[in-house]
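Colleague: Pasting the relevant annotations from Swiss-Prot:
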{"type": "BINDING", "residues": "His77, Gly118, His119, Ser120, Gly150, Ala151, Asn178, Tyr259, Glu342", "note": "thiamine diphosphate binding site"}
{"type": "BINDING", "residues": "Asp149, Asn178", "note": "Mg(2+) binding site"}
Amino acid sequence: MSCFYLDLLKIKDPSFMKQLDIQELEALAADIRAFLITSTSKSGGHIGPNLGVVELTIALHYSFNSPKDKFIWDVGHQSYVHKILTGRASQFGTLREHGGLDGFPKRKESIHDVFETGHSSTSLSAAAGMVIARDIKKEEFYVIPIIGDGALTGGMALEALNHIGDMGKDMIVILNDNDMSIAPNVGAIHNILGKLRTSDTFKQTKAKVDGTFFEELGFMYLGPINGHDIEEVITNLELAKRTKGPVLLHIVTKKGKGYQPAELDSRGTWHGTGPYKVETGSFIKPAKRAASWSSVISNELIRLAEKDERIVAITPAMPVGSKLEKFAKAFPERFFDVGIAEQHATTMAAGLATQGMKPFLTIYSTFLQRAYDQLVHDVCRQKLNVVIGIDRAGLVGADGETHQGIFDISFLNSIPNMTISMPKDEVEARQLMDTAFSYNDGPFAIRYPRGEAPGAQVAESNTLIPIGKWETIIQPIDAVILTFGPTIRLALKAAEQLELEGYHVGVINARYIKPLDEALLHQILKQKIPILTVEESLLKGGFGASVLEFIEASNYSDVVMHRIGLPDEFISHGSVSIILESFGISTTGIVLKIKEMLAQSGKLRAKRL
């Protein structure tokens, strides 16, 4: 079995591995590693994490019997090898495409994916539930959560460790320690692992590690173990299987193992990538026309911080993605990467605000969900001046259900004292940043999407934008489109097309999602023209819903209004443009809906020839 690569596409399940010897397992590892590099070079994906767990995943499937034994992949981005070994190699050509193979574990995709993940630090709690259910039902199987050292900094993981150790039930926890999560890890837990990792690494005896952090919590600790030595990993897994009570195997791996550009990565660049050239390690990207939204926000933050020493920046383990590295270098004493700890980050920002500081809390929209109670209880309830940069707001595409930034408007809309905004271009982003740090009446959220910000070549502008004041881009006559952020361009194109047919459709930049521009809304409603709201977010509890509530509360009748947005469902992975088109969030969708509304109001005319 020295040439195993060609057989990868024929794998149906992991049972064949039981017949392989160590050399054959190592050959399998080499073939899988080559397959991963080739396939992700075309599709993109989480190549670094998966190259680091090739041998570990092979050892797990060799020692256990999936799906009877339950693997729970924390975060789940490192599950590609697991997918290959469970019969999905042939689908890797569709990885993260619309309708294709998911980049994370998916229960409907395979019986071997027993729990879906995407956010970090959830695996241990899920595993606790499974072992409790197993024992109540008097069943026999192993539960094996695989969690990284980065995810172990999350409070939820520590809560679960505390409970699992106290319960004393049989469970085998795999700690995949690669000294990185997305960015280099931080914190005391990271330091503890570092001491274990460097103390006679791979030669520790049980006697030498008595009293470790994990044993104090009630776990039997095995390690550190070389995660790229299949035989050593299997030996320790077999020992863990014979041990009663919770066991933690400390597996040391190298992120990006086997592909030099990924191995040498210290910034997290190779954590998740787009397509790349295998030979050179260079990324294949379309020509960049403008700065990213994250860069625009970060650069403005630096400019403001140069003038105001009260401004500090906080990120929960995303300094690279949120483009805060320059800020960290310029103001190291005012930059805080707290690790995967969104709840702590949010209340820490609240504490800073009580002392007159001006915290900028930057969190991806999908991860802001994790800090909801802290937003309500600690920030908004106390009306504290915290500026929240909601990065990756809207659809993010390939990462799918677990990462779409589509819920924040709905869950922030209901919180008193919260201001929510979203710029249409770079200049407006800078203006909203300036406005936010000049605002002294509570929390101020600025949403911005993934990708490039239009308007990069426009001159600097420091004009503050009055709270709740919208911008009329095209004066409405026959109908009006209310929208914000990236969908502004769709509305403008739709208005241009409709103008050619003789319809004068207004476009309003509703850059403040909360509060609404009530004065402008009254003015529009008095015109008695059709109103269309467009948003790249959930309709339930969204911007359009707020407009409807305003209309009802203001006792307007006979209003022709429609909302375009995302339905009440989790949105799967795929191209953002394809997803938007499928829900009518497109120029064509807007044009058709406006015509439908004009017909409903009796204002549709025959198309000009």
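Every residue, even glycine, has its Cβ placed from backbone N, Cα and C.
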Colleague: Starting from the Cα of Asp149 (Mg(2+) binding site), work out which of the binding-site residues (His77, Asn178, Glu342) are within 10 Å.
Modeller: Asn178
Colleague: Look at the binding-site residues His77, His119 and tell me which residue has the greatest number of other C-beta atoms within 10 angstroms of its C-beta.
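Modeller: Checking each of His77, His119, the winner is His77.
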Colleague: Go through Asp149, Glu342, the listed binding-site residues, and name the one with the sparsest Cβ surroundings, counting other Cβ atoms within 10 Å.
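Modeller: It is Asp149 that, of the binding-site residues Asp149, Glu342, has the fewest other Cβ atoms within 10 Å.
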Colleague: In Å, how long is the longest CA to CA span across His77, Gly118, His119, Ser120, Gly150, Ala151, Asn178, Tyr259, Glu342, which the record gives as the thiamine diphosphate binders?
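Modeller: Greatest Cα-Cα span of the listed binding residues: 32 Å.
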Colleague: Output the one of Gly150, Asn178 that, of all these binding-site residues, has the highest number of other Cβ atoms within 10 Å of its Cβ.
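Modeller: The most densely surrounded of these binding-site residues is Gly150.
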Colleague: Please report the DSSP secondary structure of Glu342 (thiamine diphosphate binding site), reduced to three states.
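Modeller: Reduced to three states, the DSSP call for Glu342 (thiamine diphosphate binding site) is helix.
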